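Some features that TrEMBL has for this protein:
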- 4-129: domain 'Glutaminyl-tRNA synthetase class Ib non-specific RNA-binding' (DOMAIN)
- 150-239: domain 'Glutaminyl-tRNA synthetase class Ib non-specific RNA-binding' (DOMAIN)
- 169-197: region 'Disordered' (REGION)
- 169-191: compositional bias 'Basic and acidic residues' (COMPBIAS)
- 248-551: domain 'Glutamyl/glutaminyl-tRNA synthetase class Ib catalytic' (DOMAIN)
- 554-652: domain 'Glutamyl/glutaminyl-tRNA synthetase class Ib anti-codon binding' (DOMAIN)
- 664-739: domain 'tRNA synthetases class I (E and Q) anti-codon binding' (DOMAIN)
Amino acid sequence: IMADLVILFTSIGLSEQKAKETLKNEVLSSALKDAIAQAQGLLGSTDIDKATGTLLYSMVSRLREPRRLAFLTQHIVQRKITTELQVSAALDYVKSHPQDPLDEKAFESACGVGVVITPEEIEDTVRKWGTQLNMGEVRAAMKWADGKIVKNEVDMQVLHLLGPKTEADLEKKPKAAKAKAPENETKEEKSSTVNGEVKTEAKSLMEQLRGEALKFHKPGENYKTEGYVVTPNTMNLLKQHLEITGGQVRTRFPPEPNGILHIGHAKAINFNFGFAKANNGICFLRYDDTNPEKEEEKYFTAIREMVEWLGYKPYVITHASDYFQPLYDLAVELIRRGHAYVCHQRGEELKGHNVPSSPWRDRPVAESLVLFERMRKGMFTEGEATLRMKMVMEDGKMDPVAYRIKYTAHHRSGDTWCIYPTYDYTHCLCDSIEHITHSLCTKEFQARQYLVRSSYFWLCNALDVYCPVQWEYGRLNLTYTVVSKRKIIKLVETGVVRDWDDPRLFTLTALRRRGFPPEAINNFCARVGVTVSQTTTEPHLLEACVREVLNDTAPRAMAVLEPLRVTITNLPSNSDVRVPDFPADESRGSHVVPFSKTIFIEENDFREVMEKGFKRLTPEQPVGLRHAGYVISVQRVIKDASGKVVELEVTCTSSDSAEKPKAFIHWVSQPLQCEVRLYERLFLHKNPEDATEVPGGFLSDINLHSLKVIESALVDRSVSTAKVFDKFQFEREGYFSVDPDSTTEKLVFNRTVMLKEDPGKI
C-alpha cells in the first residue's frame, strides 16, 4: 500500500523523497489521496499535470478545514485557481468564513478567479511608475498578475532608466560587522554595561502582551486560529459568547491549591493577568480544586496573597468545585452522546505508553449511565470504576479518565461528592463555562498526558458548548534550584530548609521573605519575554532586576556584621550625624545617627600588618569615616589572651584639615544588636535534578554553607521602627529585608542580594 501511494503521489509531480516524507504524516497523506481521487473524477482521467498537482499539494498541506477539500480541489482542477497566490487567498477565505453555505461568488472575487492581466497591461502599468518604480507597490497594484512577468518588466524598466550595471555596481561591498549579542540576551531586550554591571532594557510587558504583538485571535474570531475545529453550531455559539462578554478579553490563572507558587508561576501570573490588562480585559483567579486529598486552606490563602503581592487583582475568584454539578451534568451528556464510558481497568493498568484498549470501551450507553450514577452514589470502591472519554491524545494515549472515585471530604463541598473530575476533563469545560477567550497554558502540558490543543477542542465540540482557544507558551525555569512540590516537601521534611518560604528557595513566598520586590520579579518576567520555547535562566539575571529596583527604593543605613570596637581618644564631644537616605538624591530625605567616642567598624576593615593593595585602616594608614567628617589613625592595638585584636584606640582629625585618605568605611555608634542571615545557593550544581550532573540525586547536592547566621550584628538606630519586609541598603554590605522572625527586642535581617553580582551567591 505504501509503495502504491508513493507512485500515486509522484504521478502528480512530487519527488520520490517528498512523497515518502508526506507518508509520514497520516492526516496529510490521507487528505492528499482524497484530493487526487476527486481530481481524477472531475477530469475523467488518472493523468494530472504537474502544475495542477503542485497546487493540489500546496492546498492540502495548508488546509485546516477538511470539509472544504472537495470545493477547493474543484476550483484547482477547473483552472479557476492557477497560482500559489490564489491558493493562499482561497485558504484565507475559507478560514475566515467557516459557516455554510459558502458564498462562491464572493470567494472567487477574493481569489482573483477570472481576473486576466495581459503582458501589455503589465508593461503599461510598470512604465507609469517611471523613476518612482517600487517592486512591492507594483505587485500590490497588480495582485493577480504573473509574478515572473512583472519582475521581468520591472528589470527592463530599471535597465532603461539606469543603464547597464557598471564594474562598481558588480563589486562586492564588505559587510559591516555585527555586534555580538550577550549570550542570554533575547530579541525583546538590549544590554549595555555601566560601571561593570549589565543594564538591560526590555520592552514593557504591556507592549509584549498586546494582542496584535502576539498575533492572537480577537474575541469571537476563535475560528481564525490554526487547528480550531469548526462545527455546524460554532458560529451560533460564538455569537452567544460575544453577547455575554461584549467582546471583552477574558483570561484565567488556574493554580492547583496543593502547594506554594514559585518563580515559574510568576511568569504565568504576569502573562494571564498582564495580557488581560494590556487588552482592557479581565482575568479570573480559578482554583483547580478537583483533588480533595492534596488541598489545604493555607495554599488557597497563599496563592491569592502572591497574586495580589505581584500587583494584580482578580476580576473574580472562582473554584472548579463551583461547577461540580454542571460538570457532572455534562459528563452524563457525554455518555449519552456515546463519547464516554464507565471502565473497570485499574490505575496501574493505565500507566505506560502501550496501554491496551479497555474491554468496556463499547459497552452500551444505557449501561454506562446506570454505572456512572452508581459511582456517584458511592456503590463502588476507590479504583473499581472510572469514567473515561473516547479520545485519542496526541501522544497516542487513549481515553483519558474524566472522573474517578475518592472517598475524601472536599474542603468546600464536604461529603456531597465521592466522584471528582480530572484536570483533563475539567480544564476546558471550566474555561467554557466562564467564557474565557484566551486559555493561556504552559507548553509543559504537551509533554504529558494532559490537555493539548486538539483534545481541548475535542471535548468542547463533543458536548457542543462554546470552545475557547488554548494558546501555549514556554515555561520559565531557573538553574541551581528545584520547584517541584514533591521535592520541596522532601527538603522540608529532611530539615534542609525550614519551610516553603525558606529564603533559599524560589517559591514566591520565599522570594518575598528574602526581600525581592514584586516589581523586580515582574520586570524579570518581562525581560525573559513571552516565548513558545521553554526558558532556562540563571539566578543572577533575576538578581540584576532586584538590584535595579532596590537601588531606587531601599533607603541607606549602616550595619556592621563582624564588629570591632574602636575608641576615639580625642573626640571633642558626642554629636549627631545626618545621613542621606539616598546619597545620589539627598532631596529624598535623611536620618540622624549618633556619633560618639566609641564606634564599631567591620573586623575586615582593619589589618594589623599592611598588605599590598589594602586601602583601609592599618597602624600606618588612616581611613575616613563615611558621613562623619573625620579621618581616624590607629594609636594602639588591644588584643585578648589569644592574640586576637578586640579593640583599637584611635585619634581623629577633621576631614577638612586631614590629607584625603585612600578609602572611607562605614561604622555604627550606640547601635542596635540584630541578627543577620546571609544566603548562598542551596545547590552546588546548575541542574540538581539531572542524574548525569548529580548521580546521587538532588539531596546529595546540598550546599552546606548556603546559610550563615550572625546573631550579634550591629545596625544604626535609624532602622529601629522598621516593619516586616521593609528593605534597606546596608552601605558596603548589600540589600537587606526585615524577616518575620523579628521581635520588638531584636530585629532579624535577611540579605536579599549583594551590592554587586557574586557568581557563588544567590
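Including glycine, each Cβ sits where the backbone N, Cα and C put it.
Curation does not apply to TrEMBL; its annotations are automatic.
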Structural state census, the domain 'Glutamyl/glutaminyl-tRNA synthetase class Ib anti-codon binding' (554-652) (DSSP three-state): 6 helix, 52 strand, 41 coil
Structural state census, the domain 'Glutaminyl-tRNA synthetase class Ib non-specific RNA-binding' (4-129) (DSSP three-state): 89 helix, 0 strand, 37 coil
Number of helical, extended and coil residues in the domain 'tRNA synthetases class I (E and Q) anti-codon binding' (664-739), per DSSP: 7 helix, 31 strand, 38 coil
